[in-house]
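According to Swiss-Prot, the protein carries these features:
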type     : residues : note
ACT_SITE : 66       : active site, nucleophile
DOMAIN   : 233-308  : domain 'PUA'
């Protein structure tokens, strides 16, 4: 990540805090944990277990896995639930065991896998909790790892919302053998990886250790601040004076910007951060990095989702009344 300074600015440490230095109670209400989901429970049940064991008001998972599917299941804790839609932006990766219902030649199998790379059409399965309309999904990568008789182990990197069970069914039909998904494990879920996923029992043990002995070290290793789940987004760093206005949903203006990440375009989602590294909001850039650096006034980011609660930073901005807005528009004309 390369940040370009638009205007040097200092932060006041009387307000806000470094995300990695939040007290443990705040962390539990503004954090996340990546669970290694076991086979059996639904994703909703796992999120509910996490909520109950950490004694939280709410928790939500970041991407449904069928009961028998295992792997990386990010769980948003407390107020972090508002970040869940942002986790769906990056691709997801799975390792799948596919079973053919008849014999097939290696060459034919390899050709079918090539055919199902790129843009594919999918209709959600009957059991899906969405409208069964035809949709386009992207298969970024698909790789055969091992073939043992009629069993094919493969890895795929795909767009969020891709139905792997349907992908296997469609490949089996195209191959002429028919097929079904025997096992599935999610290895990457957006910005989260399998190797950082933790077992439910380990999370419970760490929580009990903190509650009974006052030692929060193990719990801090497992629970990450919400900013950890937004690392995949390009950043715009704002001055302290702009934070509270953005927290109220105001458009970000050029005068409130301190630093801009290199390479921002108008076709992506960006993260608005404080000088301490706290997530404030996400939004749609109205111009690219180069133009943001040049402009001295005007709107630069349209806010689409506020993350930080208002009131953490001082309110320096003033509400514009309708008369002010009308006068400003008249001046433009």
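We count from 1, first residue shown onward.
Cβ coordinates come from backbone N, Cα and C, glycine included.
For each listed feature, how buried is it and what is near it?
Every protein chain considered, the tally of other Cβ atoms within 10 Å of the Cβ of residue 66 (active site, nucleophile) stands at 15. DSSP assigns residue 66 (active site, nucleophile) to coil in the three-state reduction, placing it in neither a helix nor a strand.
Helix, strand and coil content of the domain 'PUA' (233-308), in residues and according to DSSP, is 17 helix, 31 strand, 28 coil.
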Over the domain 'PUA' (233-308), what is the model's mean pLDDT?
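A mean pLDDT of 96 is what the model gives the domain 'PUA' (233-308).
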